[in-house]
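Features of the protein shown, as given by TrEMBL:
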type: BINDING; residues: 56-63, 103-107, 164-167; note: GTP binding site
type: DOMAIN; residues: 48-215; note: domain 'Era-type G'
type: DOMAIN; residues: 246-327; note: domain 'KH type-2'
type: REGION; residues: 1-22; note: region 'Disordered'
type: REGION; residues: 56-63; note: region 'G1'
type: REGION; residues: 82-86; note: region 'G2'
type: REGION; residues: 103-106; note: region 'G3'
type: REGION; residues: 164-167; note: region 'G4'
Amino acid sequence: MTNASKPPAPDTAEPSDHQNPNVDLDAMLAAAKPGASASTPVDATGQRCGLIAIVGKPNVGKSTLMNALVGQKVSITSRKAQTTRHRITGIRTKDGTQFVFVDTPGFQTRHSTALNKSLNKTVMGAIGDVDLILFVVEAGSFTLADAKVLSLFKPGIPTLLVANKLDTVHRRAEIAPWLRDMQERHPFAEFVPMSAKNKGDIERLFGIVGKYLPEQPWWYAEDELTDRSEKFLASETVREKLFRFTGDELPYTSTVVVDKFEEEKSKQHKRFIKIAVTIVVERDGHKAMVIGDKGERLKRISTEARQELEKLMDAKVFLEVWVKVRSGWADDEARVRSFGYE
Ligand SMILES: Nc1nc2c(ncn2[C@@H]2O[C@H](COP(=O)(O)OP(=O)(O)OP(=O)(O)O)[C@@H](O)[C@H]2O)c(=O)[nH]1
């Protein structure tokens with residue numbers, strides 16, 4: 001990995017429509033064709049590069065968006081709110097521009113446990129030092145939780161309003177007045193009504209975002225997708241399966257800790273990795289839920305996680321999964337830290 005710290009940004013591109021967002025939905029949807037050219041000429045190396053934070057309340061589609069932008073699954077997605085806890089960088093290099101994305105946990109406003117305080121700190125850390133913020137909301141909706149996230153933004157960082165899940169809005173005509181209302185709330189640089197699940201919209205977003213990134217050499221190799229370790233991918237993969245197979249029953253305070261991650265020499269396999277993880281839950285009842293009838297559910301979680309990790313890491317994986325009860329861990333600051341949250 002090359003230098004990941006952010007060098008001082010040279011003058012950021014200033015798109016012509018920066019101060020004057022257009023709220024005509026049709027025009028907006030028709031504009032900014034994929035690969036739209038940058039509004040200022042690129043430097044001699046022809047490279048642009050910058051940090052982009054994807055921010056929004058839980059469940060608005062931030063992880064879905066980042067995965068679509070990066071082109072490969074790096075952050076887990078789930079129907080359950082609050083499944084993204086760590087700052088994750090996804091990298092995509094395209095059309096002379098390197099896009100470095102920072103995914104953030106959904107901003108928690110309802111509860112104030114130590115865990116949530118840590119999540120909120122991660123969000124704050126992620127948006128203080130970026131070239132562009134993608135503020136994601138559900139198209140046509142703006143709740144108190146959205147307003148709380150928006151109130152954190154420091155002036156000076158260009159912010160795009162990504163009105164996601166446009167496919168779920170049946171009456172498009174209602175979006176224009178909503179966008180006008182949004183324009184009153186914050187000086188958004190641009191509005192992007194879209195669906196993170198629509199490929200054309202993702203291409204269009206690249207064209208828009210590229211204009212805001214400074215001209216400077218890339219920080220990462222062209223084919224790098226994430227700066228997260230395989231150990232982290234292991235815990236994320238188990239966590240995704242855990243939530244997928246327990247549905248809405250399991251509280252989001254359940255977490256996954258990697259106890260062992262060792263690559264061993266093997267004559268049979270190109271790579272052989274031994275991993276041991278512990279799923280930490282708050283109550284005995286949750287433990288029973290994770291294990292399932294005759295251990296069936298835990299077996300499914302482990303098997304699917306192992307298969308996915310084998311593909312992701314191109315290795316033979318031996319995965320051991322344990323379940324432990326640690327009641328009240330989400331309220332205990334020291335313990336939250338010991339599980340890897342800052
Ligand atoms: N219909 C529709 N659903 C979407 C779209 N984008 C995301 N979703 C769904 O919305 C749900 C939440 O998506 P995530 O990407 O996990 O949301 P998140 O904002 O990262 O959530 P947290 O991790 O809780 O902060 C999932 O069921 C997605 O499939 C979209 O454009 N259209």
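Keep in mind that glycine also has a Cβ here, set from the backbone N, Cα and C atoms.
Where the annotation comes from TrEMBL, it is an automatic prediction and has not been curated.
Mapped onto DSSP classes, the region 'G1' (56-63) shows 2 helix, 0 strand, 6 coil. The Cβ of Leu166 (GTP binding site) lies under 8 Å from the Cβ of Ala139, Ile175, Pro193, Met194, Ser195, Asp201, each of these being in the same chain and 6 or more residues away along the sequence. Leu166 (GTP binding site) falls within a helical segment according to DSSP.
All protein chains considered, the CB of Asn59 (GTP binding site) has 17 other CB atoms within 10 Å. Neighbours of Lys62 (GTP binding site), defined as other CB atoms within 10 A of its CB across all chains, total 27. A sphere of 10 angstroms centred on the C-beta of Gly56 (GTP binding site) encloses 25 other C-beta atoms. Note on the region 'G3' (103-106): its mean pLDDT in the predicted model is 52.
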